[in-house]
Amino acid sequence: MSDLPGIVITGASGRMGQMLIRTVVESKGAKLVGAVERTGHDWIGQDLGVAMGGTALGVAVTDDPLDAFAKAQAVIDFTTPDATVEFAALAAQARAVHVIGTTGLEETHLEKIRLAARHAIVVRAGNMSLGVNLLVQLTKKVAAALDEDFDIEVIEAHHHHKVDAPSGTALMLGEAAAEGRGVHLADVSDSGRDGITGARKRGDIGFSAIRGGDIVGEHDVMFAGQGERIVLRHMATDRGIFARGALKAALWGQGHKPGEYDMMDVLGLS
Ligand SMILES: NC(=O)C1=CN([C@@H]2O[C@H](COP(=O)(O)OP(=O)(O)OC[C@H]3O[C@@H](n4cnc5c(N)ncnc54)[C@H](OP(=O)(O)O)[C@@H]3O)[C@@H](O)[C@H]2O)C=CC1
Ligand SMILES: O=C(O)C1=N[C@H](C(=O)O)C[C@H](O)C1
């Protein structure tokens with residue numbers, strides 16, 4: 001038991017944080033050794049299990065990430081872009097695998113994560129589920145098979161708490177479609193339609209975001225042609241799929257060389 005890889009969960013009180021804690025605690029292949037929340041959070045200093053409304057887990061919630069990471073083999077991080085950048089530097093210092101599920105990362109954040117990955121194993125994906133990573137591959141194949149007579153639209157739906165759009169998954173799907181077509185997403189992305197937009201530009205890849213209720217995460221990739229449409233769809237109904245993927249990534253990362261990896265590497269889909 002004590003030889004199992006030790007995992008720290010950041011953003012412990014969050015929707016994904018709590019799901020990750022349950023997943024690690026129930027796992028036979030890893031042990032929970034730390035839980036991090038931001039300074040000032042009312043869980044700090046409490047036993048994690050008690051804070052979650054259950055029985056004690058013997059792990060106190062801390063706001064000292066470096067101290068927690070130093071005792072761990074992996075850090076699983078589904079928080080915010082700024083927090084993730086801070087954790088990337090600290091995980092690299094502690095030589096712990098950093099699994100990043102956080103979305104909404106901009107180029108400035110990605111640059112700092114790249115720097116950390118010179119010294120540490122970083123596994124990052126906008127979606128850690130097997131189903132979505134398969135959908136990414138399918139999207140690339142279908143986009144490569146069809147020409148610009150088929151308009152590509154990525155439509156995503158999420159719960160009303162979500163703060164970023166398009167979702168990380170939608171961007172993965174858009175990148176896959178662009179790659180399949182042999183173009184750069186940045187050159188063809190259309191994500192802000194409102195008002196008199198003019199007609200759709202041939203070759204664009206469009207994004208639409210729905211926010212409502214408790215939708216876990218739904219993604220369609222539509223290829224709309226004349227007289228026919230192909231729609232590839234993934235529907236998440238349980239956050240456990242992301243948590244299980246993240247734990248798999250944390251275990252996969254043990255023993256790999258420093259660098260940036262994604263779920264395609266972990267799942268052997270690349
Ligand atoms: N890649 C994937 O498969 C998936 C990715 N996600 C992504 O994961 C992220 C989190 O989602 P979700 O769990 O729904 O969001 P939540 O807002 O529920 O959770 C985020 C948690 O991070 C905490 N946090 C923020 N800043 C810090 C900090 N500096 N130190 C420690 N903790 C901090 C927040 O605390 P507080 O609320 O007190 O600020 C909160 O508890 C999002 O970017 C989301 O898109 C989600 C699902 C799947
Ligand atoms: O915020 C969420 O909830 C989710 N975020 C990820 C994303 O941005 O794609 C993954 C999943 O769809 C849930």
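Even glycines carry a Cβ here, placed using N, Cα and C.
Whatever TrEMBL says is automated annotation, not expert-curated.
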Per TrEMBL, G11, A12, S13, G14, R15, M16, G101, T102, T103, A125, G126, N127, M128 bind NAD(+); matching candidate in E37, E86, E148, E153
E37
Hits among S13, E37, R38, K162, i.e. recorded positions with CB under 6 Å from ligand 2, come out as K162
Quick one: pull the CA-CA distance for T102 (NAD(+) binding site) versus H159 ((S)-2,3,4,5-tetrahydrodipicolinate binding site), whole Å only.
16
Of the recorded positions listed as R38, K162, G168, the one whose CA lies nearest the CA of A125 (NAD(+) binding site):
G168
Relative to ligand 1, which of the recorded positions S13, R38, N127, H158 have a Cβ found under 6 Å from one of its atoms?
S13, R38, N127
Same-chain residues at least 6 positions away from R38 (NADP(+) binding site) with a Cβ under 8 Å from its Cβ, in sequence order, are D63, A83
DSSP says what for the domain 'Dihydrodipicolinate reductase N-terminal' (7-128): how many helix, strand, coil residues?
44 helix, 26 strand, 52 coil
